[in-house]
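Report on one structure; see the data block that follows.
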Amino acid sequence: MVDTESPICPLSPLEADDLESPLSEEFLQEMGNIQEISQSIGEDSSGSFSFTEYQYLGSGPGSDGSVITDTLSPAPSPSSVTHPAAPGGAEEPSSVALNIECRICGDRASGYHYGVHACEGCKGFFRRTIRLKLAYDKCDRSCKIQKKNRNKCQYCRFHKCLSVGMSHNAIRFGRMPRSEKAKLKAEILTCEQDPEDAETADLKSLAKRIYEAYLKNFNMNKVKARVILAGKASNNPPFVIHDMETLCMAEKTLVAKLVANGIQNKEAEVRIFHCCQCTSVETVTELTEFAKSIPGFANLDLNDQVTLLKYGVYEAIFAMLSSVMNKDGMLVAYGNGFITREFLKSLRKPFCDIMEPKFDFAMKFNALELDDSDISLFVAAIICCGDRPGLLNVGHIEKMQEGIVHVLKLHLQTNHPDNIFLFPKLLQKMADLRQLVTEHAQLVQVIKKTESDAALHPLLQEIYRDMY
């Protein structure tokens, strides 16, 4: 029989057990002639076999000790032997070394032997065992085979050879196919890749997933809003609401459905407050669907999901509201209308106090120049906040938030490399939003007590209950 090998590096010196063994001569000899193993030959990358393409190394012409070698790159050949050019161009320089470990003992592999990458020592050990049909004393200790102790337990060493896939039937002639060589190099590069690179890839994947969920679940985003506010939209510009007359016109067209069922007969402030609630309810629904797309959220206890949304939705709403605001006003009715800041300030108390704090926050928030990918992670971090009152699985939720905040930090470093203070500024905005929501909830309670016509939507009433 003949062993076929594909050297990866220069052959290592013979082991002590090979030199001292009466089988050392066999270590250098072939295990039969070529014809005896013709049935075991695997096809090379070209799918055909030609003896003239391979190099024979032995003690001389006619020697029984010829060794057929499968190289990763062209090996020096005797002048009497010629080799046709490999299909597809010349082989790579011999200096290219694939630093692969022996699958049996972990030493440096010298080539592809008997179906696996193995060192010279383990290759020779397996060859002798197979050829001479050696039987070793059984060992039940499952010895760990390493370079330093591989000669101690022959039974376990042979068992390891078999377990990793060494087989006499895996003998192969010729050079390693280019496709297999390329695959090996790719595997090596993957194994040698910095663990931090793999972690970064996972974090980028998480950021992408959250961003895509954000774009999918929200009707309005910053990109759309900025196009409209800049007057670059392809359709008609938004209808501007700047006084009572234009408000009435908008109510007959843009928000006709919202002011039906008797609402149209109430005063302007109550009608505006009602429309604001309708928009908030719709956004809460969108936020709920978005939250389900955050990895791990849907697996939380249902009570924890409700608690996170109860305390997080308004912070998220006011963060996203900044996208549709500028210093002069804000988009309404899906971007089809624009209500001026001055008109909202002209409403009677306490309604005139509802939106002005949101404009103040929005101007500072917009100054950070975040895009939708940044905002999506920011909103996800707001929702998955582990310090909300009444949570059951605090530790798990805190871990979720830590992961999202870490992704947010890395994303900001990539997306805004010149703004090193953006991340801490954004964390401060989380605290600012809590204060903003607290003040808003208090104002809503005042309206609830003093304005009999300004009824609260049941869903929002449940959110406000026991909030602060």
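Cβ atoms here come from the backbone N, Cα and C positions, even for glycine.
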Candidate ranges 24-46, 139-161 [criterion: Swiss-Prot lists as zinc finger]: 139-161
Annotated range (Swiss-Prot: region 'Disordered') out of 1-20, 261-280: 1-20
102-122, 291-311, 333-353, 438-458 - the one Swiss-Prot records as zinc finger: 102-122
Across the region 'Required for heterodimerization with RXRA' (304-433), average pLDDT on the 0 to 100 scale: 96
Three-state composition of the DNA-binding region (99-173), taking helix and strand from DSSP: 26 helix, 8 strand, 41 coil
